[in-house]
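According to TrEMBL:
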type	residues	note
TRANSMEM	6-24	transmembrane segment
TRANSMEM	45-63	transmembrane segment
TRANSMEM	69-91	transmembrane segment
TRANSMEM	103-123	transmembrane segment
TRANSMEM	129-150	transmembrane segment
TRANSMEM	162-184	transmembrane segment
TRANSMEM	190-211	transmembrane segment
Amino acid sequence: MGISGHWAFVFGVLGNIISFIVFLSPIPTFNKIYKKKSTEGYQSIPYVIALFSCMLWIYYAFLKTNTTLLITINSFGMLIETIYVGLFLYYAPKKARVNTVKMLLLTVVGGFGAIIVVTQFVFKGAVRGQIVGWICLIFSLCVFVAPLGIVRQVIKTKSVEYMPILLSVFLTISAVMWFFYGLLLKDLNIAAPNILGFIFGILQMILYAMYRKKDNKPIVNVNVEVQNPVIILDDNKKIPELTEEQIIDIVKLGELVCSGKIQMASTLNQNAAKEVKLTNLQTEEA
């Protein structure tokens, strides 16, 4: 093992450590999902694609030599991503659950199964490893592109509430480590996708820095003036003084009410007097 081989091992170990953290970084997200018993605005796409990618890299590592570090980290990744997808399916609403199942059937079952069948029966030797390597390269790009759905949501809503920033940060660092690991092993299938991964990681962190400030803006209370306020009696507040015009209006209103009562009373008295006279006449006639 030359100098490049030693450095490749160092970057491979560092890549394992950072990737281990990457796989654990969604834990706060799923902790929030567990507490709220709902997936809310979170998406399952990154976790399904990451699961598929781990399976492909394990298959590729078995077709190559000196790739033990790829097998170790992707085996752990496959386990943890399976747990994440399971939790998402458990707490997701019906529509999101159905879409996730469709993606699993399309990628993990159908896609991975087809890749194994085709590469085992159609290609042989080194060509098989190259074909699988190209496929791994494409789907590694998909892993880094998958969060673009979240990026679109952040730009549309101008909110970073559903952006897993820890995942973005550690994916960026991980991309750097695996780039140098692949470069030192002269394996472009490992090195190339991590260039794009680094670019997308930086983009997500910039968006987070831009829209995080807007999420933290204090809510401004707007005082709205009411044209006809209702007076509420409070021990600690004084009733506002009335103007002369308001006092005159109240007096007039009182006079109207009183005159109405007097008029009604006189009407009632007249009716009563008529009834008494009528009764007396009837008595005399009898």
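Every residue, even glycine, has its Cβ placed from backbone N, Cα and C.
Listed as Cβ neighbours of the transmembrane segment (103-123) (distance under 8 Å, sequence separation of 6 or more from its ends, same chain) are residues 44-45, 48-49, 51-52, 55-56, 59, 85, 131-132, 135. Only sequence-distant pairs (6 or more apart) were considered; of these, at least three Cβ pairs between the transmembrane segment (129-150) and the transmembrane segment (45-63) are under 8 A, so the stretches are in contact.
Using a cut-off of 8 Å between Cβ atoms, the transmembrane segment (45-63) and the transmembrane segment (69-91) share at least three residue pairs, counting only pairs 6 or more apart in sequence.
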